[in-house]
Amino acid sequence: MDRRRRLTDHCSFSSFSKCLTRHLNLSLQADFSSRVLRGRVALTVEVLEDKFSSLTLDTKDLKIFKVSANGQAAKFELGAQHGFKGSPLEITLPFELSRGQHVIVEVEYETSPSASALQWLSPAQTAGKKHPYLFSQCQATHCRTMVPCQDTPSVKHTYYAQVSVPKELIAVMSAVRDGQEADPTDSSRVIYRFRQPVGSHSLFFSVVCSVSCREIGPRSRVWSEKEHVDQAAFEFTETETMLKTAESLAGPYVWGQYDLLVLPPSFPYGGMENPCLTFVTPTLLVIAHEISHSWTGNLVTNKTWEHFWLNEGHTVYLERMIGRAMEGEQFRQFKAIGGLKELQEAVHQFGANNAATNLVVNLEGVNPDECFSCVPYEKGFALLYHLEELMGGPEVFMGFVKSYIQMFAYSSVTTEQWKDYLFTYFKDKVDILNKVDWNGWMHTPGMPPFKPQYDTTLADACNALAQRWTKDADLSGFSEADIKQLSSHQLIEFLALLLLQDPLPTSHVKRMQEVYKFNSINNSEIRCRWLRLCVKSEWEDAVPLALKMATEQGRMKFTRPLFRDVYNFAKFRDEAVKVFKEHRNEMHSVTAMLVAKDLKVDQSTGL
């Protein structure tokens, strides 16, 4: 019995042990007045067993009108709703097929206005204030609210899509643009076409909005609302340099285009690595991480979300190797120190015995969105860095990462397959690998069993300044000169260090503002940590600023901790809940769900 037959994806109903989607043809119309997508999808399905006559697709909150198989009507039934997993679409074919045969299953359907993959913005919520805006976000289990499919990273397929939109808007997708034409059924609409010839899992990504674009390199454009497009083009001028650096480390970029789309601030993540078209938010200043996902995440993918660390740990490793090539080894070491601090804070937040801090998690009955944290990123990186040191250094271990990408390109893998290949590649060092505490790394909660010793050269100044603020009672000795020579990365580290300590007295953060003027800094990474520090020190003046930042953008990395810290300031607990309730409808559904959980707001009643 092969691995696919034994594998279970706890987050999917789809019968991917019986059949696999090889290609998907999508035809949709975006209806802004009803806030729905309607149309049809045709799935080319390869059969993996004999006497095959039924299959199951993932859906959630979809209206299913009609199903056919090779043009013949097929019986179908929507099963009961199961929380985040949605409802299985059980399809019975009007014929029987054998292993190796293909069938085209076509479904006519409509999405729900509350589809969690789709965020519909009114004109007032955009920069231009004239046109509405739609974007999709399908990770981890939201694609099924946009299209009936095998919504699991175990399944990769090519796709073709055409999207009809009002003619004053533009559609873009995670695919190569394939032309446009007037909609023959409605003169007020335009049809945009896209093709994705490289197999990828169901992170369909689409945006319908009023955008402009600028060329930023030989294979890259940046897309944004026209009010911000020139600034966006300026911000991402290093894109081609980073792509070339990544190619020198990991092998050829196979996706053709590498475009960026700057989304409205309500997007819940800093970026999203959709093939050909990466999502970024206005708060994301460095895109090395999203570029790295073109290899680890898109080309080689975790087989189920339990193995998410394979995507993110390798991507952080590659991102920091790009940083090493461009900025030097000390910079890579410094970023690793910062990552370790973020991991410590996440473990503290979850609790050191919480299984959500395992590298390989058990998602049976668990919504993967609720486990989202930096653990797979930073614990994953820490393991790879530990192995790098054991195996012979960065050049040696990057050789393994490149070979792993080549070995598993265009496929999805489990931790066991990764580990087997690690032992095969380093067959002369198996005795060293056998001494690694694999259970401690993979299946044990809390911090890693081995703490890497990073080069602290760039961190020493941050540590020294943080120690002064925690130990000096006399505040008159601090001045603007303290931070004059520190980079923005070092300021982030300085504030991160203070956040791990007991709260400073209010007098200290007030003095810090007097001499360092942190309130005037717009860098989101610095601003979030600074405002959190102030709130934890119970400086009341910082509370409105913290809530403003928590609601002006929707990136969970910032929004969740800011709301949590204000909520934990007893005097302002009710204010945190009140502000959240006022803004929850503007938030992405994933962000709203998790902040409600943080603030103990009943999600069914809103109380």
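Glycine is no exception: its Cβ is also placed from the backbone N, Cα and C atoms.
Those TrEMBL annotations? Automatic predictions, nothing curated.
TrEMBL lists Gln137, Cys138, Gln139, Pro268, Tyr269, Gly270, Gly271, Met272, Glu273, Arg555, Met556, Lys557 with the feature peptide binding site. All protein chains shown were included, and the count of other CB atoms within 10 Å of the CB of Tyr269 (peptide binding site) stands at 22.
Taken from TrEMBL, the feature Zn(2+) binding site applies to His289, His293, Glu312. Other C-beta atoms found within 10 angstroms of the C-beta of His289 (Zn(2+) binding site) number 22, with every protein chain shown included.
Taken from TrEMBL, the feature active site, proton acceptor covers Glu290.
Per TrEMBL, the feature active site, proton donor maps to Tyr377. The local packing around Tyr377 (active site, proton donor), expressed as other Cβ atoms within 10 Å of its Cβ over all shown chains, amounts to 23.
Marked as domain 'Peptidase M1 leukotriene A4 hydrolase/aminopeptidase C-terminal' by TrEMBL: 457-599.
The recorded positions listed here (Gln137, Gln139, Tyr269, Gly271, Glu273, Tyr377) include Tyr377 as those with a Cα within 10 A of the Cα of Glu312 (Zn(2+) binding site). A 10 Å radius around the C-alpha of His289 (Zn(2+) binding site) takes in these binding-site residues out of Tyr269, Gly271, Glu273, in sequence order: Gly271, Glu273. In this structure, the C-alpha atom of His293 (Zn(2+) binding site) lies 10 angstrom from that of Gly271 (peptide binding site). The two recorded residues Glu273 (peptide binding site) and Tyr377 (active site, proton donor) have their Cα atoms spaced 15 Å from each other. Across the structure, Gln139 (peptide binding site) and Glu290 (active site, proton acceptor) are spaced 14 Å apart at their Cα atoms. The subset of recorded positions (Gln137, Tyr269, Gly271, Tyr377, Met556) lying with their Cα within 10 Å of the Cα of Glu290 (active site, proton acceptor) consists of Gly271, given in sequence order.
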